[in-house]
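Over in TrEMBL, the protein carries these features:
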COMPBIAS  8-33  compositional bias 'Basic and acidic residues'
DOMAIN    41-133  domain 'Putative ER transporter 6TM N-terminal'
DOMAIN    154-439  domain 'Putative ER transporter 6TM N-terminal'
DOMAIN    667-804  domain 'Integral membrane bound transporter'
DOMAIN    808-1036  domain 'DUF2421'
REGION    1-37  region 'Disordered'
REGION    435-458  region 'Disordered'
TRANSMEM  41-60  transmembrane segment
TRANSMEM  80-97  transmembrane segment
TRANSMEM  109-131  transmembrane segment
TRANSMEM  151-173  transmembrane segment
TRANSMEM  217-236  transmembrane segment
TRANSMEM  644-661  transmembrane segment
TRANSMEM  673-693  transmembrane segment
TRANSMEM  723-739  transmembrane segment
TRANSMEM  745-766  transmembrane segment
TRANSMEM  787-807  transmembrane segment
Amino acid sequence: MAQSDSIARSRDAKSDDGHTEKNPRVQEPEAAKKQSLPKRIWSSLGLNTGMIIMMLKGALPPTISIALYQWSAFANHFSTLGYLVAIMATLSFAIMPRAKFFQTMMFNVFGICIGAAIALLQIYCAVQARAHTSPPQPKPSGGAPSPGAQVAGYNSSASAVCAIWLFFNIYVANLLRAARPQLQFPVIMYSIFTNVASTYAPQFAQMAQGIAFVKRLLEAFMAGFGIAAIVSVLIFPMTSREVFLKQAAGYVGALQGALKAQSAYLYSLENPDVLGTPDEENLQDTDEDLPALHQTQAHKPKPTPEAAALKAAVGAVGELYGKLSTDIAFAKREFGYCKLDASDFGELLRLLRLIMIPVMGMSSIADIFDRIADRRGWRASPSGTLEEREALKKTRDTEKSNWSKIMKSLHDPFEVLTASMDEGLRHALYTLELSKPPKSGKNETGTEGSPRSDIEAKGDLVQPGEEGFADYLTTKIDKFYEQRQLTLNEWCLQKGVDLHQKGSYDPLQASSNDQSREDHQRTQRQLYLILYMEFLLWSTGRAVIDLVKFADLKASEGVMARRRFIFPGKKRLKKWVVGALGKEDALTEHAPDTTETTNINIELGQAFQETKDPEHLPPTNAWQRFGNKIRSISHILGSQESAFGFRVAVATMSIGIVAYLQSTQRFFIVQRLLWAMIMVSIGMTVTAGAGVFGFIGRIAGTVFAMCTSLLMWYIVDGQIPGIIVLLFVFTSIEFYFVLKYPKFIIVALLSMVTQVLIVGYELQVLKVGEQVATSSGQPAYPIYELAPYRLACVSGGMLVAFFWTFFPYPLTARSKLRHDLGASLYLLANFYSCIHTTISMRLNGTEGNLDDNTSPGYRLSKARTKVFSKELALLSGLRESSAYTAFEPTFGGCFPRKQYDTIITEVQSILSFMALIAYASGLLSNEDDKDPDKATWLKTFARLVRSAKVTSHEMTSTLSLLSASVTNGNPLPPYLKAPEPYRLVAKLEEMDADILSINHIAEPGYAAFAVMQVATSLIIDDMGKLITNVKELVGEVDFSFHIVSTAASSSETLQGSLESKGKQD
């Protein structure tokens, strides 16, 4: 039910309407007025108009269903099955966006129709079994669960047939549930229908009675679906397009927050103490025997508040992008009456991604400075004599002071550009109507002002949302580009270089002297880092300009002037129909319960899913291909999905067997064990960790529902109108938890369903009378007895589901986490392969026109974007999976959760740097600078890089090895090391000493090269840590007969073995 979460986010975004955003050029008041107590309570609850509307909308379908039952014609028609109408209306989740709702509803209707057909076949088999094993009964001997469906006495053959059908139905349905995430809701509906039909089926003596029962049961389900559909379409309708646009507005707001956090962090670097101070306490506890990497991880200093805020802000941007990339498919498929079409949505998402990549790169500045501080020893206590310590301290202070001066020189241009980008993002929000601009009668601070005075004060300043803002923003970005030259000149003057004087000293030129070479490399790294920051900020500004131009283009074309009907094309509809039942990516998108989010499904491609069979060659004729189809049956039966379906079927029959034995059938009906069976079907989860969390949540939700049901009944003293009103109120409150806290959605869902069961049944008894209510064989209890009975039934069903989740062996979230982590490493290898090919094509000039969907560059860009989105979504799911491992019981050693979390973080870091390399490399082929000298330099640089043959597949091979080892739990091969960094700078300097001279540092191509160099070095560094952590997790092949451990190099090991053999001889 991530759909409800997306609605909450969209409603949150809608409630802002841009009024809470501050103009960065206007200072905020020093002290805000203290809010009143009601406002503070309102703010703490996080309520807004949109969320309240969704809460009320979600509570309408069950309330309408219960109210309809007070209509005599409705009550007489559905009789004792009326409560199912309200339950189906609740489970249909009318608050879902329209495209998701109707896709789910289509599957629900289709599944229930199939369930009705199978139920009739099941009843036919049971009737025939009864006819062949017992004398005919002209008149029914029992009551009727629905009008015209009188039941007969017990028959063992009919019961055995129905038990087999129930087991088969539940097995197949849950196999599909595990294999196809989009069928989660339909399987739940199907399971409820099957459980109800299968428990009554052996009691029918004639097909007419069975047909009447199935018909009335089908009508009850369809009535619930219809009520939910009417509410979804007519009451505060919400389309998937609106959800996407509101999420896009929230994403832009997150980008604004990230830019402000980035500005605050860069400002904090002006303080030299932030760059690193010795930590005596950590150093005293350092174990010299530990490897350096372990010491760094164990004693890594806590990040500054500014660095932590920047990481959190960028993390929120990445998370929102993952949700946007998931929801865009539904937005494109949907019929709508709006302004932007499917192609506009795709272009908007692309532009937002291009802004995110450099912003994510800027968040790595904190890690870079941490690594600089560690390598330069800024955090280590000086050792040696007093003079040596003083000299070392003086050197450290000088280095930190230099960095402080550099950051101070970058402060003003960075601050101006950040404010301009914030304005550009607000302009896009206003122009695309994602947020409302401030009222014309108020100025930016929200105070009343004279229009004449506002115009005089504004002068030539163009405000966001006004015509000509794109030109204004372009001027700002160009001005920052010009100021880069001044900043670099100042840095050169610090190094004693005058760029205007020919033949002056060049600190970037290599030297044969060791000390000079070290100074040369340090200076080069310092310059590259400055260029890294400037290039990323400038690239962010260029990406914002592209977004602003896109918004202005849509406004100038008249797209934003009026709404129109939007119809998806034939190709898009065909893809939807073909993929609806196919294997698709899913995280929480179709999950009925957030405790099932550990079951992450990401389609990884043929290379990962279909490996070569070492026992069979590829088929060469029709007979062999037919044989492969036969073999696939055994593969399906032996799959994890089949094992899950079998578990659910066995768990259901653990309770259902009571309904098929003569001595216990009456007990099953009287004690209402049917809902214990249904809770098993709903409550079984794929992994044990989710099972523990879900078990606790379901019990808590049922207890809460029992209490609220009693409150509803006794507050109004059993008066029907008051009960219905209170049911609406309490259900609305429970939808607050659905929207605000999706992780506790199961508590709210169980509460709503249990409330409907308790209150709906009591109102049913009041309406149709006790005689009709007990015609199904279930006695009528007062509410103070019925509520505990419901609690006992649901708790028993949850306990059975909990038991079969662990028995005969647990399907642990930990093993699932390991498998998904291996898949993440595979995707990372796939992404690097795309990056490798992209750089090769750009250097060779074979990328083609990116606007042509048949060009190699376009197709590669599409594949690269798809893998990037998959990896982001998978990493988000991995973090949730890691959290669920805490709920699993531990037998034996502790679970190495820290290692897993560390590996996940390192994969995220490597992914960001790889995306940054692909982004920066685009400037090497797409540079449109009009300066012929710069164009000549760029062509010369590209030619030298091509001749140097810098690309390598070693990274792809290493990541593939890591993926295989983690997925299969096998140790790594011996002597595996991180790929060595290619010394491109030294190679280029050997080929052309002037190509990287200080005279070219102001060129964008030079800055792009610096970004690629910094990102590559960070990837190599992270790869070493990644290999070390994976090695700790899965081990390493160690040939113990060697004298020297495999921790040493292979040459030393071989030498040790030869020396040992020589001594023995």
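Glycine is treated like the rest: Cβ placed from N, Cα and C.
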(message) Are there residues at least six beyond either end of the transmembrane segment (787-807) with Cβ under 8 Å to its Cβ atoms? List them, or say none.
(response) 647-648, 650-651, 654-655, 671-673, 675-680, 683-685, 687-688, 691-692, 694-695, 698-699, 702-703, 705-706, 709-710, 750, 754, 757-758, 781
(message) Please determine whether the transmembrane segment (109-131) and the transmembrane segment (151-173) are in contact (criterion: at least three Cβ-Cβ distances under 8 Å, sequence separation 6 or more).
(response) yes
(request) Check the domain 'DUF2421' (808-1036) for me and report the mean pLDDT. (result) 79
(message) Given a Cβ distance threshold of under 8 angstroms, which distant residues of the chain, six or more beyond its ends, lie next to the transmembrane segment (151-173)?
(response) 115, 118, 122, 125-127, 129-130, 132-134, 137, 140-145, 187, 190-191, 194-195, 198-205, 209, 645-646, 648-650, 652-653, 656-657, 659-662, 665, 681, 777
(request) Kindly say whether the transmembrane segment (217-236) and the transmembrane segment (80-97) touch, using the definition of 3 or more Cβ pairs under 8 Å where each pair is 6 or more positions apart. (result) yes
(request) Summarise the domain 'Putative ER transporter 6TM N-terminal' (41-133) by DSSP state, stating how many residues are helix, strand and coil. (result) 81 helix, 0 strand, 12 coil
(message) Which residues of the chain, 6 or more past the ends of the transmembrane segment (644-661), have a CB below 8 A from one of its CBs?
(response) 159-160, 162-163, 166-168, 170-178, 195, 198-199, 202, 667-669, 673-674, 676-677, 680-681, 684, 686, 796-797, 800-801, 803-805, 811
